[in-house]
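J.: So TrEMBL has the following annotated:
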type	residues	note
DOMAIN	380-518	domain 'GGDEF'
TRANSMEM	6-26	transmembrane segment
TRANSMEM	38-55	transmembrane segment
TRANSMEM	67-88	transmembrane segment
TRANSMEM	95-113	transmembrane segment
TRANSMEM	145-166	transmembrane segment
TRANSMEM	178-195	transmembrane segment
Amino acid sequence: MASTVIIYFVIVCLASVLSTFLSIYGLLRFRHAPGGRFYIIVTALSALFTFAYALEIYSVTYEAMRFWLRIEYLALPLLPVFILLMAVEYCGYKVRLWMCGFLLIIPVVTIVMQNTNELHYLYYTSMGVLVNNPFSVVYLQHGPFYLLHTFFFYSCVFISIMLLLNQLRTLVKPFRKQTYLMIVGLFVPSIGGLLNAADIGPESIDLVPIFMSLSFVFHALALTSLRMFDVAPIARDVVFESIEQGVLVLNANDIIIDYNKSFTRLCLNIPASIIGDPITDVLQKHDNLIAAVKKGEECDVSLQIKEQLAYFHVHFSPIYSKNNSHAGTVITFLNITERVAMEETLKHLARTDGLTQMYNRTYFMEEAEYTLSLPLSSSVQASLILFDIDFFKQVNDTYGHDTGDQVLTSIARITKKHLRTTDIAGRYGGEEFVLCLPGTSKAEAVNIANRLRLAIADHKIISETAPIQVTSSFGIAHMLLDFHSDPAAELREGIKKADLALYEAKREGRNCVRAYQPSLPQQAAAHK
């Protein structure tokens with residue numbers, strides 16, 4: 001008899017010691033991890049419950065057994081609540097205060113009903129000491145409130161298991177092992193309860209505390225070998241899956257070992273399952289992206305996707321093992337197509353005249369200077385044309401500024417139609433326009449200017465009052481450049497010469513073309 005008592009006593013005490021150890025370990029190591037705080041409470045309550053049950057077994061009088069039974073029920077009704085809360089938080093859901101309060105209603109009622117059972121016998125219909133065993137144990141006949149407590153206990157455990165099983169669908173293998181151990185740890189005490197209900201085992205001995213000791217072995221295994229709470233699945237499921245960037249995880253051999261849903265939404269025409277495939281095989285249709293991955297440097301990449309050009313910012317984060325050897329790479333893909341489009345829009349606005357949609361003066365000068373500075377095999381020629389609208393002030397005064405703007409946009413459209421692909425055009429200011437014609441002789445520039453002049457003169461601009469026709473005057477400057485030329489200086493000098501030629505065209509009656517000659521007056525007057 002004594003040896004039997006000692007065996008059961010030692011087994012349950014070991015469960016209590018293990019629960020205490022795990023509670024302290026959790027407090028020191030992972031109290032801030034998802035589910036960690038509730039795990040600490042669960043193990044502390046289990047330690048109290050199993051310790052009190054061990055002393056109940058060791059007691060020989062009914063009074064002592066009843067005392068330790070009351071101590072057990074300070075912890076037992078609360079266990080399912082904190083098991084459920086642990087599972088809820090571990091799975092990534094936020095635990096609300098009202099949720100805790102609601103779940104604690106039945107446990108508090110259970111504690112009160114159990115401790116006041118002698119007044120109503122609704123929790124235990126009868127109680128006594130059973131002496132026909134290897135040792136004396138308390139005999140309990142279960143009442144309706146005990147059945148309510150049992151239903152609540154297993155409902156909480158069942159819901160916890162369902163939450164964890166549901167999470168398994170979205171977890172990768174390293175995290176599945178952790179969750180499997182949690183589920184097994186929750187199943188094991190339930191087996192003890194089912195054995196009790198089926199009257200399998202020693203008569204009147206509660207097997208739940210003993211099976212609970214086995215469940216903590218699984219928790220201990222998860223904590224020590226797999227670090228159950230240190231790398232919480234919430235970090236993968238909520239953060240990894242919800243971030244905007246597509247994420248690709250490679251091992252040291254550039255084999256894909258993980259990726260998130262955002263990566264599959266990048267429209268890269270990748271296979272449905274790519275884990276275990278080389279990155280070069282998965283991205284074989286995108287040569288520039290493969291080149292970027294091989295280079296391993298942060299960059300922007302353009303890709304042709306569904307007949308549209310998309311832009312991605314690619315970032316690389318190396319993964320190192322404990323001995324600082326390269327273990328893999330995390331690659332993030334951020335779709336920056338909208339940002340690139342916005343930048344292009346801003347660039348367009350910065351370099352384009354808003355009314356005529358031609359280059360503004362500043363950007364024209366930059367483009368013309370760049371064109372003139374291209375590497376020269378020997379010497380190269382270019383021509384500049386400066387022209388404006390004759391009597392434009394009268395147009396504004398007679399028809400209004402809206403009509404004047406209409407005239408400017410019409411002249412801009414006509415000019416663009418007469419340009420070659422290599423020519424550069426811009427609005428120089430007011431009603432003045434400027435053209436840079438690379439590789440164009442003076443004679444060719446005169447012909448181009450005359451064709452443009454006739455097109456403008458022949459064009460009728462429909463205004464609100466009556467059709468309007470305007471004329472233009474043109475000044476041309478020809479340039480010869482070689483290796484020693486300064487493109488910026490040559491351009492400024494060419495603009496001055498074209499302006500002098502334009503003044504000469506104005507002086508000779510307007511609606512004509514004049515090329516710069518050294519004999520022209522060296523000071524241009526106002527010719528508008």
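Cβ coordinates come from backbone N, Cα and C, glycine included.
Unlike curated entries, TrEMBL annotations are predicted automatically.
Quick one: where do these features end up spatially?
T.: Listed by sequence, the residues of this chain that lie at least six past the ends of the transmembrane segment (67-88) yet keep a Cβ under 8 A from its Cβ atoms are 35, 38-39, 41-42, 45-46, 48-49, 52-53, 55-56, 59, 95, 99-100, 103-104, 106-108, 110-111, 114-115, 138, 149, 152-157, 159-161, 163-164, 182, 186.
Listed as Cβ neighbours of the transmembrane segment (145-166) (distance under 8 Å, sequence separation of 6 or more from its ends, same chain) are residues 77, 79-81, 83-84, 86-88, 90-91, 103, 106-107, 109-110, 113-114, 122-124, 179, 182-183, 186-187, 189-190, 193.
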J.: For the transmembrane segment (38-55), find every same-chain residue at least 6 residues outside the stretch whose CB is under 8 Å from a CB in it, and list them.
T.: 9, 12-13, 15-17, 19-20, 22-23, 26-27, 30-31, 64, 68-69, 71-72, 74-76, 78-79, 82-83, 85-86, 89, 95, 206, 209, 212-213, 216, 219, 229
J.: Per DSSP, what is the residue count of the domain 'GGDEF' (380-518) in each of helix, strand and coil?
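T.: Summed over the domain 'GGDEF' (380-518), the classes give 63 helix, 40 strand, 36 coil.
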